[in-house]
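Features reported for this protein in TrEMBL:
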- B:6-367: domain 'Aminotransferase class V' (DOMAIN)
- B:A74, B:T75, B:N154, B:Q182, B:S202, B:A203, B:H204, B:T242: pyridoxal 5'-phosphate binding site (BINDING)
- B:K205: N6-(pyridoxal phosphate)lysine (MOD_RES)
- B:C327: active site, cysteine persulfide intermediate (ACT_SITE)
- B:C327: [2Fe-2S] cluster binding site (BINDING)
Amino acid sequence: MSYSVKVLDHYENPRNVGSFGKEEEGVATGMVGAPACGDVMKLQIKVGKGGVIEDAKFKTYGCGSAIASSSLVTEWVKGKTIDQALDIKNTQIADELALPPVKIHCSILAEDAIKAAVADYKKKHGEPVPA
Amino acid sequence: MLKLPIYLDYSATTPVDPRVAEKMIPYLFEKFGNAASRSHSFGWEAEAAVEEARAEVARLVNADPKEIVWTSGATESNNLALKGAAHFYSGKGKHLVTVKTEHKAILDTCRELERQGFEVSYLDVRNDGLLDLEVFKAALRPDTIVASVMFVNNEIGVIQPISEIGEICRSRGIMFHVDAAQATGKVAIDLATLKVDLMSFSAHKTYGPKGIGALYVRRKPRVRLNAQMHGGGHERGFRSGTLATHQIVGMGEAFRLARLEMGAENERIRMLRDRLLKGLSDIEHVYVNGDMERRVPHNLNISFAYVEGESLLMAIKDLAVSSGSACTSASLEPSYVLRALGRDDELAHSSIRFTLGRFTSVEDIDYAIKLLHDKIGRLRELSPLWEMVQDGVDLSTVQWAAH
Amino acid sequence: MFAPVYLDHNASTPPDPAVLEAMLPYLSGRFGNASSRHEYGRAARRAIDEARDQVAAAVGAHASEVVFTSGGSEANNLFIKGAAVCLKPGLLAVSAIEHPCVIKPAEQLCKHGWTLEKLTVDASGRVDIGNFAAIMARKPKIVSVMLANNETGVLQDLESLAEYARMAGAWFHTDAVQAVGKLAVDFRRLNAAGVHALTLSAHKIGGPKGAAALVLDKRVELEPLIAGGGHERGLRSGTENVAAIVGFGVACTLAAERQATLAKPLLEMRRRLEAGLTGLGATLFGQAAERLPNTVYFSFPELDGETLVGYLDRAGYAVASGAACSSANPEPSHVLRAMGVDPGLARGAVRVSLGGGNSGEQVAGFLKTLQATVAGLQRLTAMTA
């Protein structure tokens, strides 16, 4: 399996690895995948005023492409509103990282992680109040 | 000086021993005759070399040279043994017995026989990877004609009770085939005492070249086979096709060296393997796959829990090793061998097979230990599963959002 | 040291030094298993891919049409038996002069409900077109006719034959192990004419023993002969013989490059040989047909071929009596029998097959030695008669 330069970069230097404290204000978590399938992604977003994602962190159990996909979306969601974040599509992730066809599922999982995190936020906080 | 990546995948293939290569080269150059040419010295020279090699292969396993049939490799030997015996003895019955942890060359051949109307029982192994003799006995039927059990497993290195299985088969008149591709040079094989009827060998797992193997076909009591490749009637009709002299010479020399050196070599390799195991055993949540006692000294198969296999391989790319999952077109498939041991998919996915060999050094092992410590730590820092376990979550109670 | 002159290139050829050089790294440092995912394995995989391109290019095929096997015999068995398993049993037809590794698997199929017709040849060794057309009218499902015969060197007009086979709807295979390197062989062109598969072998063209290929039109459905792991698109399992495959690739490139320039000197040597043999009173087989530029097959009345080649070997010339693979068989050549050659004359058959390394001087020396040997043997025969 040969990886693209961008996948290798995110794999070697993953951005925003970690977890927020459970009690932190505005934190929501999306956990997708299953160990038996070979990948589990945990994406956390910290949402501030006006529904803007101020920070994001991830932890991923999975292949290099899964790690890179989740690392990439932590960069991409920052500064976006949660609704804008929902517009991130797996195809964009796959294109950016030049994922081969067998690794497309990693980008789908990353998209799902965003959706799960946003859903968690909405469940906890309701729809954000527009600024 | 360390040469990276460090090769720890001797069960996939071994380097050709330089002494073997040296012996092969003249047969790729001036001694290029066709061993079937009976009319000139080029042919006789090739034939003499082929027979000398045949004697060496026979000597390693204490067989008669006339019992050794050259093939292109263990996969072909396995095909010839199973299909050849099943077809020849199909008048007596149509049932075969094998084990779920066999190599694909056996399992795929059995599937083919099933399509041809044979019936195959695939036996489970115990959690330690070994075949339970009671399970084996219970699977035998009056119409069982062939049983096939590998000597040494390629993934976990466990040694099956071949001697006992042979006794059971002989007493019931069942042809017993053993895939010994991973056994030569690692365990002593004495075909004068083992009640084995057919045994497959490979050169490239024992420091010989690729593209050559052999099938042992017992003469007393005589074993019959239907040939699978027809033509000029080479190899007493068992296998037609021009003999690749240089490869045969290489296999002969490789097996000669194995016979002379395996005693000392295995002790050295055992020391290295134990050093590796000891070096890794202070990492939390590591599990050895397969029995450690009835196992060749070359193999260590370990699962590193909460770390995904492919990212682990990527992290330790300075080590040339195999993982417990095969990347197929769409998804990762956990090793069917580890599954047969009852390992769950996660542990199968996160397993690494280290196989050591003739050219592995202490420095190689120490480098591997240090690298694994670093990388396992890093990947666990990245792993949400590890975090949950640290927080005291029992992962088996988690409802995963399957995808 | 005394080195005999090698005149048996149809049995096997000396590997070219460039072939050996290309192979050596794969017998030392580059030893990976091509199925392994680490760098050792990927290096092996790249080498196989490159060799596949080289083999394909040499015979005008696409790389994806090349299936590597352990030898020509295996490739022929793979086609005959592998294609038959995927079809309902019916009629199959192979020429009477095929190598045993085509005839024997075809005969095996008769145990599984198939009917075998052996296509007859004329006195010059060419497939009898009338007989061929008549058999094709019976709609065989599998047909195999070799491009060049290993004993006589006689060539078949495959494109004409394929035309009939195509109308019959048959899968048409040709064993081209003796033709590649000695003639320009273009699978695309043959394929367009209706040839679906072609066998070539490394050790017949200056490559190593242990590697060969079946070039296969992908429309043909085949069952593998060897199962287990799914190598070679599932058509041939087993760890690839990387070194031999690399050698095969280089040998193919060299053979294709040299074929055109080599044909003329080979043909000149062959003609010189034939003129000399005729002068000595030998009967030449296949004279009326187009033949390989390197092969001469002849017989001296009253002289046993085995005996003659034995004497020639002691005098320093390595030649063959009948085909190498069936040399253990005391029966006269099935090829000559099919050509209607008198059995007594057939028993005297001797084959000289030249290679690029042979010279005009060697041919002259051979003729001189042959003349003395034949004269001596004839005196002996006359005395014992």
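Any Cβ shown, glycine's included, is placed from N, Cα and C.
Using a cut-off of under 8 A between C-beta atoms, the recorded positions B:N154, B:H204, B:K205 that neighbour chain C are B:H204. Non-local contacts of B:K205 (N6-(pyridoxal phosphate)lysine) by the CB criterion (under 8 A, 6+ apart in sequence, same chain) comprise B:Y10, B:S11, B:T13, B:T14, B:A74, B:A181, B:Q182, B:T184. Neighbour counts were taken as the number of other C-beta atoms within 10 angstroms of each residue's C-beta; across the binding-site residues B:N154, B:Q182, B:S202, B:T242, the minimum falls on B:N154. Of all the Cβ atoms in the protein chains shown, 28 others lie within 10 Å of the Cβ of B:H204 (pyridoxal 5'-phosphate binding site). Model confidence over the domain 'Aminotransferase class V' (B:6-367) stands at 95, taken as the mean pLDDT rounded to a whole number. Secondary structure at B:A203 (pyridoxal 5'-phosphate binding site), as computed by DSSP, is coil. In the three-state DSSP classification, B:T75 (pyridoxal 5'-phosphate binding site) falls within a helix. When the record's pyridoxal 5'-phosphate-binding residues B:A74, B:T75, B:N154, B:Q182, B:S202, B:A203, B:H204, B:T242 are compared pairwise by CA position, the greatest distance found is 30 Å. The Cβ neighbour count for B:A74 (pyridoxal 5'-phosphate binding site), using a 10 Å radius and every protein chain shown, is 30. On its own chain, B:A203 (pyridoxal 5'-phosphate binding site) has B:G73, B:P209, B:K210, B:I212, B:G213, B:Q247, B:G250, B:M251, B:A254, B:F255 as residues at least 6 apart in sequence with a Cβ closer than 8 Å to its own Cβ. Summarising the environment of B:T75 (pyridoxal 5'-phosphate binding site), the number of other Cβ atoms within 10 Å of its Cβ, over all protein chains shown, is 29.
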